[in-house]
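Accompanying notes for the structure given below.
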Amino acid sequence: MPSASASRKSQEKPREIMDAAEDYAKERYGISSMIQSQEKSDRVLVRVRDLTIQKADEVVWVRARVHTSRAKGKQCFLVLRQQQFNVQALVAVGDHASKQMVKFAANINKESIVDVEGVVRKVNQKIESCTQQDVELHVQKIYVISLAEPRLPLQLDDAVRPEAEGEEEGRATVNQDTRLDNRVIDLRTSTSQAVFRLQSGICHLFRETLINKGFVEIQTPKIISAASEGGANVFTVSYFKNNAYLAQSPQLYKQMCICADFEKVFCIGPVFRAEDSNTHRHLTEFVGLDIEMAFNYHYHEVMEEIADTMVQIFKGLQERFQTEIQTVNKQFPCEPFKFLEPTLRLEYCEALAMLREAGVEMGDEDDLSTPNEKLLGHLIKEKYDTDFYILDKYPLAVRPFYTMPDPRNPKQSNSYDMFMRGEEILSGAQRIHDPQLLTERALHHGIDLEKIKAYIDSFRFGAPPHAGGGIGLERVTMLFLGLHNVRQTSMFPRDPKRLTP
């Protein structure tokens, strides 16, 4: 007599055969073989952002990530995400989908990449949880192109939840270190996608504006023989049998290009600062947007050109990136960025007077601390209703050796900083273009003349008066969007405690 287990097996076998026979959709779903460029295909993949009412009733192919999946009886709802856009997809038992296909779709791991064929259908009620609110995709085929591991280091829904909402409702949010440790996942969120698309827009607008103004884009060396700012905060690297340094700025080379008659130059590239500053706004490596320009009679010609460039960037961002701004504001609410035309300019002594009136004790030659910068930003916003302004005529004592002194006041300099929401985003000045005065100032700052000989020599053969400035890309992005930490606007941030990923 057969055992109970043998009897069960004999009963299961016909059921398996029957189930396989019932799976009439088995060719319509599954795990695809790895794409190794085996063959080319004429299949057209439609972008999720293009799934609109205009495509209603069309059959389309889409490649996207599985953001969420939810099984409900004989159907499964998926949210398919592609960058910052997403659409609801429905897999339901019917002519094109078997119950096995529905079960397969419901069990695809989050963040897996899938190819889906489906019919675009107009919905009667807007799908508020998706960017594509007027349509959904009725799935006919679904294949996994790249399977994600079942356990994610962070949940994307948690990563985009406003902190206030998480605190009020007791729901999970994701802390900064977890985000940065798993940066590739964090960068997939709609907020991160919006931040870095807007940041790309800043670079594009900077380049576009300056080229239209007649500037030439240059590239400068990042491995240099002497500290470009003359300070100690440099990274030393081994350079064959000598030591070299990572450039703190392209300053000296921008000026050399002006001496070489390029007249107006700019560059976009990495800047390195070996400062042990663990603050919300400091990085050891960031992207510098640098400008240098010859002028005719007064350095304000350059200062005003830079200010206008910033205004053109702000205008361009507000015109072209409203969707991204609104996406970031959902998670990090913020007042819209305000600026004036022409840009507000105050002299440093006027800023000191405002701070002293507010109870701050400062000497005439003291530099602004971060708290005082922020306070000044609030005072200026209250008085002038602008988030962007210039402080001019800084004390000479707090500026680099190559800064031109003010001929009318030896304690002041022809230098300026630009601010957004009470934080400095640009430092600039007229440069010393006379080799004798430059030598004197370098010695005053204790700089080894031998290490900057090529720089000083470049002024010995005739140099036009010139000025410029350097902007921190990550800070501009952070402050325009009203974010609170520069690590949110650095794709893979470097600070004194972080060297990976």
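Quick reminder: no glycine exception, Cβ is built from N, Cα and C everywhere.
Binding of ATP is annotated in Swiss-Prot for Arg273, Ala274, Glu275, Arg281, His282, Leu283, Gly472, Leu473, Glu474, Arg475; the matching candidate from Glu319, Glu324, Glu424, Glu440 at the same site is Glu424. As annotated in Swiss-Prot, region 'Aspartate' covers the listed stretch 251-254 rather than the other ranges in 63-66, 127-130, 251-254, 267-270. Considering only the binding-site residues Arg273, His282, Glu424, Ser427, Arg431, Arg475, the residues lying within 10 A of Ser249 (phosphoserine) on a C-alpha to C-alpha basis are Arg273.
Counting residues per DSSP class in helix, strand and coil order gives 4 helix, 0 strand, 0 coil for the region 'Aspartate' (251-254). In the three-state DSSP classification, Leu473 (ATP binding site) falls within a helix. Counting residues per DSSP class in helix, strand and coil order gives 0 helix, 4 strand, 1 coil for the region 'Binding site for the 3'-end of tRNA' (411-415). Sequence-distant contacts (6 or more apart, same chain, Cβ under 8 Å) of His282 (ATP binding site) comprise Arg273, Glu275, Val486, Asp495. Residue environment of Ser427 (L-aspartate binding site) contains 18 other Cβ atoms, counted within 10 Å of its Cβ in all protein chains.
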